[in-house]
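Structure first, commentary second.
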Amino acid sequence: MGPGLLCWALLCLLGAGSVETGVTQSPTHLIKTRGQQVTLRCSSQSGHNTVSWYQQALGQGPQFIFQYYREEENGRGNFPPRFSGLQFPNYSSELNVNALELDDSALYLCASSL
């Protein structure tokens, strides 16, 4: 992979057993170049009104980006303003990253809860 390419991957967190839990993320993976913008989407289970986003760089643990509760930002990690988000009335969510940098190459995770 060339130095100007960013490899983005997403992980869908699914529950086990007969209880429907989890989220659906899209797209499942992306390849972008430095300076571009990306939007990642997360749809949570019906009734889950809290959505959290995390970034996990290779060889590291997940880092908290931000959390939304009922369409309002409810907490934010140590990420620059070019990382922004939204939560919609149906409690689905978006993570937007502007002016991509090489260090943004990571696994992006979303989680939902009541």
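Cβ coordinates come from backbone N, Cα and C, glycine included.
Positions annotated as disulfide bond by Swiss-Prot, on the basis of sequence analysis: CYS42-CYS110. Counting every protein chain shown, 26 other Cβ atoms lie within 10 Å of the Cβ of CYS110 (disulfide bond).
As annotated by Swiss-Prot, domain 'Ig-like' applies to 22-114.
The annotation N-linked glycosylation site is assigned in Swiss-Prot to ASN90. Under DSSP, ASN90 (N-linked glycosylation site) is assigned to coil, being neither helix nor strand in the three-state scheme.
Residues or ranges marked as signal peptide by Swiss-Prot on the basis of sequence analysis: 1-21.
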For ASN90 (N-linked glycosylation site): intrachain residues, at least 6 apart, with Cβ closer than 8 Å: none
Other CB atoms, at most 10 A from the CB of CYS42 (disulfide bond): 27
